[in-house]
Structures are given as structure tokens and as C-alpha cells.
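Below: one structure, written as C-alpha cells.
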């Protein structure tokens, strides 16, 4: 109560921030006439003046009023659009590193031009992040006109660009692109083998459009670059055949909240019997340690059949299983579920099962975007997630006032007993809207419901448009015309987000289509455009007279924010509009959160078929259920971040060290340090200083020196011959032999080849060890929760063991680099002139896959297939002099002996470097 009184007297934190911003707006407005009086050339020259002032040491904030006023004037001249005062406030909040919550239709795209221009003056680059390629290309072309007028360069990062095109786009002053592309380019840069192959520069300032979608909805799914592993896919088909006979509640139980399936005792016995009969379970019980793989496959097959539904969670297209994003309804081409789940779904659908992939590099959006020096974002719905955005990213949410008052009416939810009654009521509501000429947007939660409603409307002979993952290409066109009188549009959740629904239709989009039609003469184009423009006002007025855009929600989402996004499509810029959610007791949210009590109440009230409950109390109870889910999801994301922070710190160390190696022309000093560390480790393990010689493991020491350095070192003989040989003298004598042998090889290879070779081996072994470490970390994380049963803190155990694994990886890295370099011998065949860049590119991993929501169709490999990285160097393994084997990784099996002559399996020798 006391806090309420204080807020009433001094205003809320949001009110105080808006008041501060209004003072900036007053300064910008005072400069308007000054810049209006300038001609185009003088106005464009302001950029050079601003940069000169920055170079003299003037702070960036001092330029803000003038820079914003310049952008506003250029926008008026180039775009015919002048930023409103509330848009100036939004731009100021973005510059301050905050999240601006702005209602749909308030012009967020135009707002971003203000801080983007101001911060680009520093010359460090500004990234404007959108959710898909279409919006990135559209914004770069549309508002990019403002920046280009002012002499700034604008780049676009979308899928299917070459490295050269990406490098040029990142070199621009302002770069528009998708969150996935920015993240994948960061990972690719940290897998490059030459500084020239990197495309990004520093992560200076990012403005994220639809920031809630990117930083919250997609935060739990990491960006992953992976490569194929060798695994028998037949097991997925064999296990899939067995689970079809399992019965729910008898053989297994389902936890819908956790999306998990658990076998009962009867189910375990049945699984053991069926697996034994099919030859899968050869020995022991199902849950014996030796059969853990079978348990894993069985669980994933059950989840594929019971939890994951076709047309809701995925669709099958062209013989492939494509995941459907639960938040947007879009296909997530190129993304695959991990841990064998995607393979289980493929087996269920009878399509080709593709091998699982091994992670080569990964990062979450949480950790990627926290690397930017300054971060800001904008969205129409962030206030419900303000606590999480502040806790995890340190971003404050500021609610920006609307330019015009919101005239939308949000009706209370209607709740029916069955889904059949609900769908019938929805169809009747749509029919009524179309008859009175009111445009309707219907939001569904899945493609299945989307197409089911379309089927009902066809039966009722109601014309409509369908927008889901299958109509992704027509998305902008369908949304653009969703505001015409009587239009009915069915869309999965947030499909079409980023494109405004204009009452009367988007005449600009229609004009663009006419201009792009090559079959029309110029005179016909002009006539049609004039007709469109003259007819639009009548359509606009008719749509308003009918009540504006009517939003129908077919069920509540787990998150209130997603529901608010749907509501927010109506009532843009002061237009009228209405919204209504239709629910049934069969809906997932209602079913999970206590629909039994509500069902009993409806029966006691004697409600007939087709009657609905409509009361604010019921709506409030549903919102309370949503808050519970949101709280649980926040806890999950926070916990995931705590685990990922451990890997993130290790990633930072590895990438920092890797970049230092790659930027250096000469890593010989680092190689010498590694050699010293390895020798010290060998001596500490076999002949530790301070321990009597009688207790030294001399055979082990000699074997280790032979294995690592390829040298026959007679340590025992030395000690026999020189009783006074100290530990330090012994180490010095061994090192002399090692350095002498290496110097002899270097004299044959030449200094230049040796330096290049050291760098190449160091980077390749580092990548190989990091890849294996990521897999080990995944395995550790999967089972770490079981430590809780032993009264141990899983997070602390994860941190402790991951550090042990990380240090062990570094030890293995040192030994493998030194061993590889020490055991190489120069071929007597003269080496031809070498193309080191081509050699470096050939060493990169091949057949990569990039996975995350909304990532465009399976990306092509980064490099063409090439021979083994070491081929052509004139370098071979230690072997008989004069014999140089032909090395071809395409013909050597991973478990066959390596042709270099080392005696190791190919996958543990040169194949490991791929």
C-alpha cells in the first residue's frame, strides 16, 4: 500500500524514464526548423560533421538531439514519413540500452533508424536483428534509404550468401540480418583456419526486433553446427516396430507437462520379452548398464509415437520430417531434434533415417547476445517478461506511450465443454463478421487446427485465406490483405509477425505487385495504381464502420505474451477492433490445469450443449494458470543458463586462444611451451622430482618418450653410467634430444613450411579436442541430475566435473600436438609450391549442418570436398625412408589402419584431424 502511495506521488519508474525522454524530444523538436531549411547536400554532409566532432572527443550522447533531428528530416524527405514524438522516445530508449515496448503499428522499424544512425557514427558497426530473411531484406531496402542518403553503408545478412558477401555486409556501417545468421557466423568465424576467412568484426551494438521472441522463446534452443557420425540407423526401425503394441496406462504413462513417457513394470517386462524375441536384447535385463542404448532408443520411440504429433509438432515434406515452431507455426527447415528423437520420428513416419550429428560448435542466444557491448530491443509484448529480461540480460523494459489512444475492445473468454462446441461457435462468429464486412484474423496453435478450421469454413462456404508453415512464401501477401472488409484469415500463432494489418488492405503492397508484373504495359500499370489508391479510402472506411479487425483466439497459449501478441494485431494506431478467445475443456492448458473442477461446475449449472461460461473470474483463473507455466519456464531457462555459463566460460577461453593462434604468423613459441609442459607431465607421472630413483617407472618413462616424441631414449642406461645425474640434468638431456630431432626435421622441411605446419596442426587438434569435449559435456549434463539422489548439488557437481574434463582436454591437446609434430618425417620427394589458404580451407570440417528455429533450408557445405589437410605438404608419418604413401580419406575406413604408417586406427590418427 505504501508503495502504491509513493508511485502515485512521484510516479513509477516507467513514468520517470518517459519524463526524462520527453526533455530529449523537446530538444529534437527545437532543431526541426534548422534542418528543414537545409538542402539535400548540406543535410547529407551532417554525417561527416558528426564524425569529426566524435574524433575531437565529443561524447556520443551530446550528438543525440541533432542526430535524431537529422534522421527525422531525412525520413520525411526520403520516406514521406516523419517520426512522431513517441517514436523519438522509443529511439532514445533503444540508444540507452533498454527494451522499448511499443504497440503493433507504432512504427518500430522506423524507430530503429534513430539509434542505428547515431551509434553507427562511431564506425564500429550496428547490427539490426530480425526474425526472418524477408524482414531483414525488407528493412534494409526500405529504411536503408535513410542511412544511404546520409552517407552510411547498409548490409544485409541472410542465408545463402557467400563468405565474401557476408564480409562486405559486416563491414557496412549498419547490418540487417536474422538472429540465426549472426550467431552462426560467430561460430563459423571461430572454426576458420585463416584470419581472411572470418567475416564478422566486433560485436558493438545490436538492436533486436521482436526481442521477446529471440531472447525468451528461442533462448532454450542453442545454435548448433554439427557434422555426421557413423551409426547404424537400422536400430531405430527395429525399435519402432515394437512400440506400436504398447498400450497407454498399461505399458506406459504420459506426463504432458514434461513431455515425457514412462514405462510401467508391465511395460518393462513386455519390452524385454519383445526385444529378446527380436534379437535386440541378447543378455541381461533391459536396465543393465550394457543395454542403456536400447533403453534410450525405446524411450525416444515412445515419445515419437505418443508426444509428438504430425501436423502439430512437425510435418512430412519431400520424404523429410520438418519441425514446426510452436510459437510461430513456421517450418524450421534444417533444424533437427537432438538425442535421437528426430531419428525416432523419422522411423515412425517411415522416411529415411538420417545419422545423428556430433556437435562441432554451439552457443545459445543468451550467451551470444550478452557479448555485445550494448544491447537493446523492441517488441509489442515484453512487460510480462520484464523480470526475466532484467535478470538474465540486464535489460530494462520501458512501455512507450501510443501515438493515439487504443480503441480496441478485449472481450472475456468463452469456455465450452467440448472442442466440437467451441469450433462451431467460432465458425458462427466468423460468419457474422463476414456478413457485416468486418475483417477477421483467427489465430490457431498448430497447422492441424489451422487446416481443421479451414475445412469447417469450406463446409460452411465461407471464403478465407490460410497462413501456416506450408504457405510461408505467400505470408506477406496474405497478411497485407487481411484488413480488407469481410476478409477471413486463419494464421498459426504469430505467422506474419512483423507485417502490419492495415484496415482496408495494404495498398502499398498491391502497388508493388503491379509494378513487379512484367506482363503489364506502363499505361496499364499507372491506371491500376491510380485505381487502387482511389479505392482504398472507401475500403478503409468500410472496415472501420464494421468494427475494425476482429481477432479470434482458438485456445490460450502457455504464455500470456503470445496471447497478447495475437490481440495486438488489432487496434493499430487508434483504429477500432475487437478480440475474443474461445476455449474448451479439451484444450491442453485447460486439461493440464484442472478442467475437472470446471467441468463439474458446468454440469451442476445444467448447461446445455453449445452454451458457454463467460466471466472475468474464469478468465483470471486461466491467466493464473499461465503465470504458473511462465514461472516454470523461466526457472527452466534460468537453470539452463547456469549450466550453459559453465560451457560458455570454457568456450570463451578456447575461442580466445584459438583466435590468438590463428592471427599469429609464428606459433613456434607456443609449440615450445607445449613441448615443455608435456615433458614435465611425463616426468611427473613416471619419474617425479624428489622421489628416489628406485621408485621411478623407467620402462614407463622410456615408453612414453617413444610414444610421444618418437625417440628411443636410454634413460636407464644414462642413470647406470652417471650415478650423479640429477633430475634437472636428466630433463635437460631429454629435451636436448627432442629439440635436436625436431631441428633436423625443420632443416629438411624449411622454416616457412614448419611454421605453417605447426599452426595447422595446432588448430586442427584444438578443434578435434574441443569437439570431443562438447560431446563429453553433453553426456555429463544428461545424467548429472541423478547426483541429487546422492544428496549432492547437481550444479556444483557439473561445475566441478566439467572443470576436471576441461583440464584433461587441455592435457590431451598438448600431448597430441607435440606427438603429431614429433612423429612426422619429411618425404624425400620435392614439395611443389604450396597454396596455404587452400590447405587451411581443406582442413575445415565438411558436410556441416546448422540447426535452430527458422534457419533456412539445409545449408550447403561451407567448403567443397577436398583431400586430407596434410596431403601435398610433402610430409608423411614416421616410417621407412623413401616411402610416401598416397593418402585419401575417401578410401580409408575410420577403423582401418592409418596409411601414414603410425600403426593407429585412421579415426585416431589423420582422420581425427578432419
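Cβ coordinates come from backbone N, Cα and C, glycine included.
According to Swiss-Prot, the features are:
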- 87, 105, 106, 107, 108, 109, 500: ATP binding site (BINDING)
- 898, 900, 909, 910: Zn(2+) binding site (BINDING)
Close in space, distant in sequence - residue 105 (ATP binding site), Cβ under 8 Å, 6 or more apart:
500, 572, 573, 575
Which of the three DSSP states, helix, strand or coil, fits residue 87 (ATP binding site)?
helix
Fewest-neighbour residue among binding-site residues, criterion Cβ within 10 Å, set 87, 109:
109
Have a look at the binding-site residues (106, 500) and report the one with the fewest Cβ neighbours inside 10 Å.
500
Among 87, 105, 106, 107, 108, 109, 500, listed as contacts of ATP, what is the widest Cα spread in Å, to the nearest whole number?
17
Run through the Cβ atoms and count how many others sit within 10 Å of the one on residue 107 (ATP binding site).
19
List the residues in the vicinity of the ATP site, defined as same-chain residues other than 87, 105, 106, 107, 108, 109, 500 with C-beta within 8 angstroms of the site's C-beta centre.
102, 104, 110, 111
For residue 500 (ATP binding site): DSSP state (helix, strand, coil):
coil
I want to check the contact list for residue 108 (ATP binding site): same chain, sequence separation of six or more, C-beta distance under 8 angstroms. What comes out?
90, 100, 102, 209, 378, 379, 380
